[in-house]
Amino acid sequence: MVTDHSTPVTGRPRVAILFGGRSSEHAVSCVTAAGVMGAIDKNKYEVIPIGIAKSGQWVLASGDTSEWSLSSAALPEVAPSGRTVTLAEVGGEHQLIVTEPNAVPQELGSVDVVFPLLHGPWGEDGTIQGLLELSDTRYVGAGVLASAVGMDKHFMKVVFESAGLSVGPYVAVTDREWSTDAEAVRKRVDKLGFPVFVKPARAGSSMGISKVDSMEGLDAAIDEARRHDLKLVIEAGIVGREIECAVLQGRGTDAPRTSMPGEIAVAVGEHQFYDFAAKYVEDGAAALSCPADMPDEAIARVRELAAVAFDAVGAEGLSRVDFFYTPAGELIINEINTMPGFTPKSMYPQMWAASGLAYGDLIDELIHLALTRKTGLR
């Protein structure tokens, strides 16, 4: 195991913070990066911010967190640049190279670990993870398979069911099914009963999600979800409290660590569920209660099942696992998020803080886990 990850120039491991990306969650990724860059111990790590524009271009970004923070005026966005950043192997080391037209490429030095703070497709779904695996670069978080499964709400449920976890009623709808026989899809949804939640299969931050109370609203909700992904998951509404649990990979062969469960309380008003605005935009629209007001045995069960879900998809580093806690005391798993947000309003760091692990220490532990794990098959 490699133990010395410091660079000869600074004596500190170099951490490339990767954010932005091509998905509809671009702005959320920028806000997450602002949170991490503001809290990371710069006496311990040398931070290199790399933004990915919506075009897919990698650029050397500003380390000024105010440029990436959420404001009421505008959502943050990585702008394209004439200078492109690439990750290449030079002399046996992973080097960041800056290229621009009619100029000699500039070497920025080696990278010890990448922190991919990307949400949604082309970042959280195994694509970036595959690129980093191919380049034999260490990185924070889940690998290719776990990231892909954790991004696809359909196959995620298939894996959960195979692990013995309770999953609510749902139907998966492909582009071909909706395009060739929409009426058959409507009949399948009708059997679920209303209300239902129509969701893009591969999107996060509640992008494109609609609550539908009757058949009359189904087609419009499907059209909205298909703007984000042509594959959909339509779930039966479940009466229950929304309970979340943060999971952190154990060191070495230790079991996953779990936080105290938290409960999401959404303010009554325009929000029928925990949507994008409640998560990121509107102050006071949602609040976390941690630990959740539950019997001790239910709390223990949430933590146990969260660890089962983490292992079921083969997650590494971190994940947030969401459940419904029904009036009958049943725990129904909703989803796993293999790269949960780190914004000031994000639940993952809040739950760990309530469990005794501060934000900066959490970031430090995630980087430690990435630096000390093997590359390649593991």
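Backbone N, Cα and C define each Cβ position, glycine as well.
Summarising the annotation, Swiss-Prot assigns domain 'ATP-grasp' to 157-368. For 189-244, the entry in Swiss-Prot reads ATP binding site. Under the heading Mg(2+) 1 binding site, Swiss-Prot lists D322, E335. According to Swiss-Prot, the feature Mg(2+) 2 binding site maps to E335, N337, an assignment based on sequence analysis.
Projection of Swiss-Prot feature records onto the structure.
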residue : record                : Cβ within 10 Å
V189    : ATP binding site      : 22
V196    : ATP binding site      : 25
A203    : ATP binding site      : 24
S210    : ATP binding site      : 20
G217    : ATP binding site      : 16
K231    : ATP binding site      : 19
I238    : ATP binding site      : 17
D322    : Mg(2+) 1 binding site : 20
E335    : Mg(2+) 1 binding site : 19
N337    : Mg(2+) 2 binding site : 24
- prompt: About how far apart, in whole Å, are the alpha carbons (Cα) of E224 (ATP binding site) and E335 (Mg(2+) 1 binding site)?
  reply: 21
- prompt: How would DSSP class V189 (ATP binding site) in three states?
  reply: helix
Query: Where does G217 (ATP binding site) sit in the DSSP three-state scheme?
result: helix
Field: Listed binding-site residues G217, K231, D322, filtered to Cα within 10 Å of N337 (Mg(2+) 2 binding site)
entry: D322
Statement: G217 (ATP binding site) to D322 (Mg(2+) 1 binding site), Cα to Cα, whole Å, comes out at 26
In three-state DSSP terms, the structure that E335 (Mg(2+) 1 binding site) belongs to: strand
Query: Cα distance, A203 (ATP binding site) to E335 (Mg(2+) 1 binding site), nearest Å?
result: 12
Task: Please report the number of other Cβ atoms within 10 Å of the Cβ of E224 (ATP binding site).
output: 15
- prompt: Roughly how many Å separate the Cα of K231 (ATP binding site) from that of D322 (Mg(2+) 1 binding site), to the nearest whole number?
  reply: 21
